[in-house]
Amino acid sequence: MIDSHTHIFEPEFDEDRREVLERACGAGVEHLILPNIDVESLPRLLKTHEDFPLNTSIAIGLHPTSVGQDFSSQLEVIHEAVRKYHSEVVAIGEVGLDFYWDRSFVREQEEALRTQVEWAIEEDLPLILHTRSAHREMLDLLSAYRGEARLRGVFHSFTGSEDELEELIAFSPSFMIGINGVVTFKKSTLREYIARIPLDRLLLETDAPYLAPVPHRGKRNEPSFLPETLAEVARAFGLFPAQLEEAISANSRQLFALENF
């Protein structure tokens, strides 16, 4: 199984990263997509991939909450990394719009996202998109690129409404939708309508170290917890977990061009 979005390069895993990978493999999660956050996280990302090249693939981008007044200089460094490590980069990400806590840099976030969308098109790479309190703004921005045949990616960590899900599904068949441990939360309504997602457009993720699924909620999340999310989503689709696992792994391999996993 492939965890399509996890941050095990973050400091929360510095004490036991190898053991985390071993537990993941023991749980059947044998490959991880690692999306970058910002310039500061880039060396950690690259070192983790260097240490575990068979179990990890990397995405490089600038996360929206890291966008500030200096975003142009950060983008220069990150773009250089995309070019330098092009043969190993499987996506541009994690990029997007996040207006949940702060709207101080709305213009800057939108400009940074446009720039990175254009990188993805130029480099023929998928996007890993983060959207929080910015659903309409995200679709409006992406709509300007709808004619681009290379435009594709995943709306990661979807936790929105049924109407928002329908809009994402209708937006483009080239975009997948990532579901994580939030679907297991007692108050989550996601399980009521996620089966509307076409099975060939579904990805599963942990977003570790965040959003640990029940029964691990409140703990540090890690890739070995992905089977809990798999089981909950399989119930929503009326499938056996093994059936869903086969589908989501095929989707990850297709989107991220993971020929050997």
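Cβ from N, Cα, C; glycine included.
In TrEMBL, annotation is done automatically, which means it is predicted and not curated.
Divalent metal cation 1 is bound by His5, His7, Asp207 in TrEMBL, and the record lists one more residue there from Glu94, Glu110, Glu111, Glu118, which is Glu94. Checking each of the binding-site residues (His5, His7, Glu94, Asp207) against His156 (divalent metal cation 2 binding site), the C-alpha distance stays within 10 Å for His5, Glu94, Asp207. In this structure the alpha carbons, written CA, of His5 (divalent metal cation 1 binding site) and His130 (divalent metal cation 2 binding site) are 11 Å apart. Least crowded of the binding-site residues (Glu94, Asp207), judged by neighbouring Cβ atoms within 10 Å of its own Cβ: Asp207. When the Cα atoms are compared, His7 (divalent metal cation 1 binding site) and His130 (divalent metal cation 2 binding site) turn out to be 14 Å apart. In sequence order, His63, Pro64, Gly93, Glu94, Val95, Gly96, Leu97, Asp98, His156, Ser157 make up the list of same-chain residues 6 or more apart from His130 (divalent metal cation 2 binding site) whose Cβ falls under 8 Å from its Cβ.
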